[in-house]
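Below: one structure, written as structure tokens.
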Amino acid sequence: MGLPTHTAQNGSGSLDTGNARLKELGYKQELKRDLSVFSNFAFSFSIISVLTGITTLYNTGLNFGGPVSLQYGWFIAGGFTMIVGLSMAEICSSYPTSGGLYYWSAKLAGPNWAPFASWITGWFNIVGQWAVTTSVDFSLAQLIQVIILLSTGGKNGGGYEASKYVVIGIHGGILLMHAALNSLPISVLSFFGQLAAAWNLVGVLVLMILIPLVATERASAKFVFTHFNTDNDDGINSKPYIFVLGLLMSQYTLTGYDASAHMTEETKNADKNGPKGIISAIGISVIFGWLYLLGITFAVTNISSLLSEDNDAGGYAIAEIFYQAFKGRYGNGVGGIICLGVVAVAIFFCGMSSVTSNSRMVYAFSRDGAMPLSSLWHKVNNHEVPMNAVWLSAIISFCMALTYLGSEVAFQAMVSIATIGLYIAYALPIFFRVTLARKSFIPGPFNLGRYGVLVGWIAVLWVATISILFSLPVTYPITNETLNYTPVAVGGLLIITISSWILWARHWFKGPVTNVES
């Protein structure tokens with residue numbers, strides 16, 4: 001099917017190219033198309049949210065490799081993430097629909113494989129997104145708990161340590177606010193999305209300068225760029241192995257940019273602006289993430305002290321850095337707590353945008369009949385917002401977090417799908433693009449030309465590599481409590497998805513269904 005010209009005409013003037021392409025793909029324009037290219041970028045950028053990912057997983061980077069893993073691992077993960085993003089952007093330009101990844105898989109796998117390809121991709125994408133929302137909002141609940149702890153005197157000063165039930169309650173309250181915000185018109189969400197992007201950008205710049213400036217003791221440049229930490233209590237001594245485990249922080253942070261694809265039916269000229277949103281979100285995140293890492297690491301002088309559960313922040317490394325920087329300079333850590341508040345707001349925005357992306361995926365997947373009670377989830381309200389899908393996403397994310405009450409190991413396994421499950425969903429349409437659709441793929445306005453296949457293969461191989469690396473044990477000796485359950489969780493999702501296809505869905509699911517009359 002050919003692509004529309006850039007200015008398809010109708011009776012009243014020019015028709016948006018994204019709208020025209022959507023109609024060619026067989027879908028009505030049901031959502032309000034009101035987002036600019038910056039708004040589209042803002043949603044992905046605020047979901048990637050370097051303040052969120054780096055802050056919550058800085059402990060992992062410090063423990064496994066320290067500064068070397070943090071600095072160089074970030075650029076390795078960032079470079080390969082950009083390659084994945086470029087391949088996704090090329091496909092997004094050709095197929096700018098809210099369904100995103102699963103719709104791409106259906107079109108690229110060909111008519112014989114389309115239903116199965118879209119079923120597998122769709123469920124990995126949607127469950128991965130729910131896991132992202134769960135982990136983001138749970139990390140905010142944990143940070144709020146740390147802020148309360150420090151505000152009441154810290155762990156060594158008799159501060160209040162919330163129970164896991166209180167943390168779950170905070171998590172539920174955050175999800176409630178996110179669902180309420182996402183029930184508002186897209187114009188309001190667009191404003192919050194742009195505010196979130198600005199908050200992340202300014203927040204990084206302020207914190208990267210302020211924290212090392214305030215700290216009375218600073219690390220040397222040699223420490224920041226060359227120190228490799230092998231002192232961990234996890235029984236791992238191999239430097240390559242330690243470095244690989246340190247990559248987890250970077251790769252976890254650099255996820256969620258499929259949001260730009262899921263928002264294309266609400267983005268003006270989406271066949272061009274959707275790809276721009278994906279690429280710019282990754283590129284700017286890599287740059288600002290490195291600046292944040294650089295600034296914070298210059299304030300690191302004692303890794304073992306920061307990771308100790310006996311410090312004032314209870315072992316939350318960045319919280320301890322902020323708190324001690326101000327306490328050492330001014331005699332109290334109030335300034336550090338305020339800085340943690342800046343990060344907390346960024347995480348809040350990240351969770352809000354994550355629910356937005358979730359709901360658009362649910363809307364599109366149910367529009368094609370792939371979900372139970374599909375007719376309920378793809379309804380839109382008077383503001384052209386899929387409100388039922390919004391609340392479904394919030395409820396499922398809360399239910400996923402409840403596993404924390406029973407077992408922290410089970411909870412970690414569940415949220416591991418946020419990284420590996422989501423990246424598998426990213427890789428599947430790219431794999432179909434470079435194999436089954438290698439000769440039949442019709443590019444959109446944004447394309448990689450003759451390098452499309454090469455870039456695609458590198459992207460697929462990178463996802464295969466990290467899927468294996470992040471399934472490796474992270475602690476020795478291996479016991480029921482230290483086993484890395486990531487392969488169990490991802491393998492379980494794969495088994496459930498394939499089994500449901502064989503026993504049930506193959507009899508009725510035909511892949512994306514058009515809703516435009518011929």
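From the backbone N, Cα and C atoms, a Cβ is placed for every residue, glycine too.
Record features (TrEMBL):
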TRANSMEM  37-58  transmembrane segment
TRANSMEM  70-89  transmembrane segment
TRANSMEM  101-124  transmembrane segment
TRANSMEM  130-153  transmembrane segment
TRANSMEM  165-184  transmembrane segment
TRANSMEM  196-215  transmembrane segment
TRANSMEM  278-300  transmembrane segment
TRANSMEM  330-351  transmembrane segment
TRANSMEM  389-407  transmembrane segment
TRANSMEM  413-436  transmembrane segment
TRANSMEM  448-472  transmembrane segment
TRANSMEM  484-504  transmembrane segment
(message) Below 8 angstroms Cβ to Cβ, which residues of this chain, lying six or more residues outside the transmembrane segment (101-124), approach it?
(response) 88, 91-92, 95, 258, 261, 361, 364-365, 368, 370, 421-422, 424-426, 428-429, 432-433, 436-437, 440-441, 493, 497-498, 501, 505-506, 509-512
(message) For the transmembrane segment (484-504), I need the partner stretch with the highest count of C-beta pairs below 8 angstroms, choosing only from 70-89, 165-184, 389-407, 413-436, 448-472.
(response) 413-436
(message) Cβ pairs under 8 Å only, please: of the recorded stretches 130-153, 330-351, 413-436, which one is richest in them relative to the transmembrane segment (389-407)?
(response) 130-153
(request) Select the range from 70-89, 165-184, 448-472 that forms the most Cβ-Cβ pairs under 8 Å with the transmembrane segment (130-153). (result) 165-184
(message) Using a cut-off of under 8 Å between C-beta atoms, tell me which stretch among 196-215, 278-300, 448-472 contacts the transmembrane segment (330-351) the most.
(response) 196-215
(message) Cβ pairs under 8 Å only, please: of the recorded stretches 37-58, 70-89, 165-184, 413-436, 448-472, which one is richest in them relative to the transmembrane segment (196-215)?
(response) 37-58
(request) Name the range, of those listed as 37-58, 165-184, 278-300, 413-436, that has the largest tally of Cβ pairs under 8 Å with the transmembrane segment (70-89). (result) 278-300
(message) Using a Cβ cut-off under 8 Å, which residues of the same chain at least 6 positions beyond either end of the transmembrane segment (37-58) come close to it?
(response) 70, 132, 136, 139, 142-143, 190, 193-194, 196-197, 200, 203-204, 207, 248-249, 252-260, 263-264, 267-270, 272-274, 276-278, 280-282, 284-285, 288-289, 292-293, 296, 317-318, 342-343, 346-347, 349-350, 352-354, 356-357
